[in-house]
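K.L.:
Got a structure for you, written out below as C-alpha cells; questions coming shortly.
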Amino acid sequence: MERMTMSFILSLCLQNKPSWCPTCSYQCSKYGYACVMNPVSLFPVGAFLVPYLFFMVIAGMPLFYMELALGQYNREGAAGVWKICPIFKGVGFTVILISLYVGFYYNVIIAWALFYLFSSFTGELPWVHCNNTWNSPNCSDLWAFNNSLNDTHKSTPAAEYFERGVLHLQDSEGIADLGLPRWQLTSCLAVVIVVLYFSLWKGVKTSGKVVWITATMPYVVLTVLLLRGVTLPGAMDGIKAYLSVDFLRLCEPQVWIDAATQICFSLGVGFGVLIAFSSYNKFSNNCYRDAIITSSINSLTSFFSGFVIFSFLGYMSHKHSVPLDKVATDGPGLVFIIYPEAIATLPGSSVWAVIFFIMLLTLGIDSAMGGMESVITGLMDEFKFLHKHRELFTLFIVVSTFLISLFCVTNGGIYVFTLLDHFAAGTSILFGVLIEAIGIAWFYGVDRFSDDIEEMIGQRPGLYWRLCWKFVSPCFLLFMVVVSFATFNPPNYGTYTFPIWANMIGWCLAISSMTMVPLYAIYKMCTLPGKFCDVSLVHISLVYISLVYISLMFNRAITEPSTRWFSVTSAVAPSSPRCLCGWTISVCDV
C-alpha cells in the first residue's frame, strides 16, 4: 500500500516532465553516448579481450542497468535521484561537477576536428609535405623519408602539423607560458559551442532530433573506412595482430587493470549522463532490455572499430617498415597524427579526410551533448525554478564552458588540456561510482531497488543482478580505486614534465568533486531533526571513509606529487539491507 501511494505521488509530481519522442531518439542518444566514442580510442588487442568481456558481464552491465533504472524510476537528474536516500545526494553533485570539468576540455577536441575539417578542403592536404611555414628542420617528408618513426630526431609532417601548425606548441615553453587564445581555434570552439547550445536549449525536443544524425553517421563512416582499409597493403598483418591472443599475458596484472579501466570509461557510467537520459523515459520503459542491448552494442562497436584501426595501423607499419607497436598509439596522437598521415597516402586523400573528420565531429558532438545534458538536467531537477528558464540556464552553462576552454586553445593549451584530461575524471569518477553503488546496494537496499524495477517493467531482477549490485560491483569498484592509486603516474606531454604547482592544481580539481560526498553528508546530519547520537555507525562510516580517502589524495598531492604510491586501506561497513534505518525516516523517504 505504501509503495502504491508513493508511486501515485511520484507520478503526479513528475507528469509534466517531457519524454523522448519518439522513443528511438532515446535509443540513439544512449547508443551515441555509450557506444560511438570507442573508435577514437585504441582498442587493445589479444589477451585483453578475455578480461574485458569478463568485467563487462560482472560489472559493466550491472552498473549500466542500475543507472538506467535509477534515473527512469525517479525521473530526476544525477542529484535529484538521491531523494530516495538524501545523505548520498553529494555523489550526485560529484558526477555533475566531473561532467562539467570534462566539458572544459572535451569541446576542444571537437574544435580540433573542425579545424582539420576546414583544412581538408584543399587539393593537397597541409600535413603531406615539410615545405610549410610551421615546419621545423627536423621534419621529414612523408613520401621521401622511409624511417621517420625509427629516428627520434625526426618528425613526420602530420605530427608537426598538429603540434606546430594547429597547436603552435613551439611558441610556448610550458604551462606557465600559455599565451593568448589563437583566433583560429577560438573560432572553431565558438562554432562548437553554438551547435551544442541549439542542440540542447529545448531539452530532448531538440537533442532528440540531432542524435538521429550524430549517432548513426559514425557507423556508416566506419564501414566505409573499413572497406577502404582492408584493401591497403599490410592491412591484413594489422588485423592478424589485432585478433591474435597470447594467453600467457593473462598472467600479467596490467592486462586486467587495463580491461577494468576500459569498462568503466567506455560505458560512461558515473558521469550522470545515463541517469539524465533515462529520466526522460516513460515510467514503463523496459530499462532491462535497454541495458543489455546498449552494453552489447558498446562491446561490438569497440570490436568492430578495432578492425578499422588496425587495418590502417598495419598499413602504416608496412609503409614505414617498422613493427606495429611502434606505430600504435592512443589519445590525440591516434586521431590527429596517425590517421591523418595514413589518409594522406590514399588516392583522393582530401575526400577521405573530409569523411573522417565529419565522423569525428558527429562522435564528439554526440558525447558532448550527453555530458552537457547531465549537468543541465541534474541542476534543473534539483533547483526547480530553473525549469522556467531552461534556455537562459543552458546558455549560461555553455558560455561558462567556452570561457574556461579558452585556456586550452592558447599556444600552451595542450598542457592545460593534458592536465584536465589526467585529473578531471580519473580516480574521482571511480570514487563517485563506488559511492553510488554502495548507496544503492547497502543503504537504499537491493530489495527495495528490485521492487522499484518490478514496478516499472513488471519483472523483478534475477539473483545474478542482485548479487552483482550488492557484492560484485562494489568490490570491483573498490579494486579499481585502489589500482588507480597503485598505478598513478604524474601527467606529462611528450618529454615535458609538469611542475609541482601544476600537479597540485590537478589534485585540487580531482578532490573538489569528491568532497561533495562528505560535505553534503555532514550538512544533512547537521540540518535534519534528531539527536546526533541517533546517527548510526553506517552514516559516520560514510563520512569517515570519504574524508580519509580524500585526505590521502591531498597528502599525496603535497608530499609525493611526482612519484608512484601504493596503499590499501580496508573498511567494513555494517551490512544493513535498508537505507539509514537507524536515523530519522526523512533521510530515506521523500
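Yeah, the Cβs are placed from backbone N, Cα and C, and that goes for glycine too.
Just so you know, TrEMBL annotations never went through curation; they're auto-generated.
Pulled the feature table from TrEMBL, pasting it below:
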BINDING   S266, N298, L363, D366, S367  Na(+) binding site
DISULFID  C130-C139  disulfide bond
TRANSMEM  49-70  transmembrane segment
TRANSMEM  91-118  transmembrane segment
TRANSMEM  183-200  transmembrane segment
TRANSMEM  212-235  transmembrane segment
TRANSMEM  255-277  transmembrane segment
TRANSMEM  297-316  transmembrane segment
TRANSMEM  351-371  transmembrane segment
TRANSMEM  392-417  transmembrane segment
TRANSMEM  423-446  transmembrane segment
TRANSMEM  467-488  transmembrane segment
TRANSMEM  500-523  transmembrane segment
TRANSMEM  535-554  transmembrane segment
K.L.:
Within the same chain, where does the transmembrane segment (183-200) have neighbours whose Cβ lies under 8 angstroms from its own Cβ atoms, ignoring anything closer than 6 residues to its ends? I mean 6 or more beyond.
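P.N.:
Non-local partners: 107-108, 110-112, 114-115, 118, 166, 206-207, 210, 364-365, 368-369, 372-373, 376, 394-395, 398-399, 401-402, 405-406, 409, 413.
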K.L.:
Between the transmembrane segment (212-235) and the transmembrane segment (500-523), are there three or more CB pairs that fall under 8 A, provided the residues in each pair are separated by 6 or more in sequence?
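P.N.:
Result for the transmembrane segment (500-523) with the transmembrane segment (212-235) is no.
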K.L.:
Which range out of 49-70, 255-277, 351-371, 423-446, 467-488 gives the transmembrane segment (212-235) the most CB pairs under 8 Å?
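P.N.:
Per the Cβ under 8 Å count, 351-371.
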K.L.:
Ranking 49-70, 91-118, 255-277, 423-446 by Cβ pairs under 8 Å to the transmembrane segment (351-371), which is first?
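P.N.:
Ranked by Cβ pairs under 8 Å, first place goes to 91-118.
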K.L.:
In whole Å, note down how far the CA of C130 (disulfide bond) lies from the CA of D366 (Na(+) binding site).
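P.N.:
About 35 Å separate the Cα atoms of these two residues.
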K.L.:
Of all the recorded positions here, C130, C139, L363, which one's CB has the most other CB atoms within 10 A?
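P.N.:
Of the recorded positions C130, C139, L363, the most buried by Cβ count within 10 Å is L363.
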K.L.:
Pairs of Cβ atoms less than 8 Å apart decide it: which stretch in 49-70, 91-118, 423-446 has the most with the transmembrane segment (255-277)?
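P.N.:
Ranking 49-70, 91-118, 423-446 by Cβ pairs under 8 Å to the transmembrane segment (255-277) puts 49-70 first.
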